[in-house]
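**Q** My questions will all concern the structure given below.
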Amino acid sequence: MWIGWMHMLSRMGAVNNFMQYTAYFGVSTNLVNYLKYRLHEGSKSAANDVTNWQGTGSITPLVAAYLADAFLGRYWTILLFMAISVLGYGVLAASAAAAPALHGGAAAFYAGLYLVALGGGLLVVMAPFGAGQFDEADEVERRRQSSFFNWFYLSLNFGSLVGGTVLVWVQTSVGWGIGYGVPAIFSALSVAVFLAGTAAYRRRQPPGGSPLTRIAQVVVAAARKHDVEVPADASLLHECCDAVDGMSAIQGSRRLVHTGQFRFLDKAAVETAGDKAGPSPWRLCTVTQVEELKRVLRLLPVWASGIIFAAAYTQMTTTFVLQGDTLDPRIGGFKVPAAVLSVFDTLSVMLWVPLYDRAIVPLARRVTGHDRGFTQLARMGVGLVILTVAMLVAGTLEVARRRVIARHGLYGDDGDGGYLPLSIFWQVPQYVVVGASEVFTFIGQMEFFYDQAPDAMRSLCSGLSSTSFALGNYASSAIVVVVARATARGGRLGWIPDNINRGHLDDFFWLLAVLCVANFAAYLLIARWYTYKKTVD
């Protein structure tokens with residue numbers, strides 16, 4: 001019976017996620033045009049405002065995750081941030097429906113916009129909450145939990161596809177009021193869907209108090225006992241004596257098995273004569289509390305490897321588009337904008353998720369004997385390799401594009417309508433390969449950071465994983481700036497000039513491929529060093 005409830009709750013979670021992301025992408029995809037044509041901002045100002053808004057949206061998940069783990073729990077955090085989202089989308093819809101020239105119209109719009117950015121923090125809590133509905137002690141449910149992350153990510157892509165295409169069409173063809181009203185309706189419906197499952201939700205993970213305080217206590221206690229010798233027998237280290245059923249003193253958190261890495265931190269769990277009278281948490285910590293910090297330290301190198309992956313991944317919205325802008329976009333009587341080709345990335349994800357979940361995992365399970373088919377680290381590593389292939393495919397197309405330029409002498413803008421005689425649809429393979437890499441690495445990261453995080457820090461660690469994508473965007477910008485300046489010395493145009501027909505974008509893609517290979521080599525060392533989480537039970 002409970003398996004039936006799990007099916008229902010999984011579907012409800014997917015529907016909820018679909019609605020949330022449809023609303024979000026319905027606003028974000030066409031936001032720069034609203035700012036330009038409705039609020040009459042300049043192109044540079046509008047672009048900066050969108051970037052600032054997106055930057056704020058990359059920080060709020062950490063706020064929501066911290067509140068969920070420390071004080072409110074996931075359920076109440078989701079409800080709180082859902083309410084903020086509904087309010088934000090409502091203000092946006094009302095502002096868009098009113099005349100933009102009205103006094104305070106722009107201020108109201110920006111208020112709604114930043115409420116949406118704040119409410120968007122709930123999305124990083126949704127995945128841990130959904131995964132928490134499965135019993136990890138049950139083999140069948142553990143497999144379903146792994147499958148949950150695949151379908152959760154698929155619903156995200158469905159939402160981005162609908163929001164980024166259908167709602168953008170409504171905004172440009174019907175009107176901004178309706179175009180922003182629909183996201184508000186979707187946001188409100190998502191609350192109703194979430195509340196409908198309240199009676200059936202498992203809420204086994206109560207808030208465990210501030211994880212940052214617990215981490216600080218371990219560091220301070222270990223520093224204060226820097227001259228204390230750690231016993232060879234780990235059973236002599238301090239653990240809460242009244243912990244039963246494998247649970248620790250941290251509310252809702254299972255006891256963690258002691259590990260030998262970062263041995264200096266074990267000093268925090270060494271009980272001295274001064275601790276017996278009245279132990280202070282800033283002088284004596286439990287083994288589980290120490291292992292919490294060790295787990296976070298182990299996660300950080302894996303997290304860092306995602307930054308280069310994200311930097312290469314974001315080329316889909318930058319250099320891929322620049323490349324596509326020069327290619328022939330005509331198909332019949334229509335012209336396909338270069339940015340629209342990213343839909344093939346989304347379609348690739350939609351193809352690969354069921355293929356991975358229903359075909360690749362069962363096959364790998366027979367070969368490896370692993371419940372999930374692949375270990376989480378192996379899955380992410382495959383994605384790193386696939387993205388390297390995507391950069392090579394993009395570079396190969398760029399070589400072909402430059403040959404066409406040389407053959408026809410189309411170095412300026414005097415070609416066939418400004419386009420090269422090479423179809424834009426030659427870009428489809430690189431978008432499809434990028435989509436495949438997402439299914440392995442991005443979904444693998446979601447599952448890995450949830451599964452390997454301490455029980456009382458799962459939301460926060462999931463939020464941490466999302467920041468690698470934000471840092472990847474910054475890293476991509478930094479790489480472009482450094483490459484442009486380094487290759488444009490001595491009066492040369494460089495690899496990425498304003499007119500890329502006279503540049504060497506192929507060399508830029510080769511550089512990204514090399515960075516991906518170096519990142520994968522470092523990742524292999526990290527994976528070899530990494531120790532998976534083990535609980536006492």
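Cβ from N, Cα, C; glycine included.
As annotated by TrEMBL, transmembrane segment applies to 78-102, 108-130, 151-172, 178-201, 296-316, 336-356, 377-397, 428-450, 471-488, 508-526.
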**Q** Using Cβ atoms and a strict cutoff of less than 8 Å, what residues sit near the transmembrane segment (336-356) while being 6 or more residues removed from its termini?
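**A** That would be 150-151, 153-154, 157-158, 160-161, 164-165, 316-317, 320-325, 327, 329-330, 424-425, 427-428, 431-436, 438-440, 443.
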**Q** Tally Cβ pairs under 8 Å between the transmembrane segment (471-488) and each listed stretch (78-102, 178-201, 296-316, 428-450, 508-526), then give the stretch with the top tally.
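**A** Per the Cβ count, the answer is 296-316.
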**Q** State the non-local partners of the transmembrane segment (428-450) in its own chain: residues 6+ outside its ends, Cβ under 8 Å from one of its Cβ atoms.
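**A** Residues packing against the transmembrane segment (428-450) from afar: 127-128, 131, 146, 149-150, 152-153, 299, 302-303, 306, 309, 313, 316, 320, 341-342, 344-349, 351-353, 356, 372, 376-377, 379-380, 382-384, 386-387, 389-390, 393-394, 397, 458, 461-462, 464-465, 468.
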**Q** Could you name the stretch, out of 78-102, 151-172, 296-316, 377-397, 508-526, with the greatest number of CB pairs under 8 A to the transmembrane segment (178-201)?
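**A** When the Cβ pairs under 8 Å are tallied, 78-102 comes out ahead.
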**Q** Below 8 Å between Cβ atoms, which of the listed ranges 78-102, 151-172, 296-316 makes the most pairs with the transmembrane segment (508-526)?
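**A** It is 296-316, which has the most Cβ pairs under 8 Å.
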**Q** Any chance the transmembrane segment (296-316) and the transmembrane segment (377-397) are in contact, meaning at least three CB pairs closer than 8 A with a sequence separation of 6+?
**A** yes
**Q** Within the same chain, where does the transmembrane segment (377-397) have neighbours whose Cβ lies under 8 angstroms from its own Cβ atoms, ignoring anything closer than 6 residues to its ends? I mean 6 or more beyond.
**A** 302, 305, 309, 312-313, 315, 319-320, 323, 426-427, 429-430, 433-434, 436-445, 447-448, 506, 509-510, 512-513, 516-517, 519-520, 523-524, 527, 530
**Q** Which residues, given as numbers and ranges, are at least 6 beyond the ends of the transmembrane segment (151-172) yet have a Cβ under 8 Å from it?
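**A** Here the qualifying positions are 10, 13-15, 17-30, 33-34, 126-127, 130, 178-180, 182-183, 343, 346-347, 349-350, 353-354, 357, 438-439, 442-443, 446.
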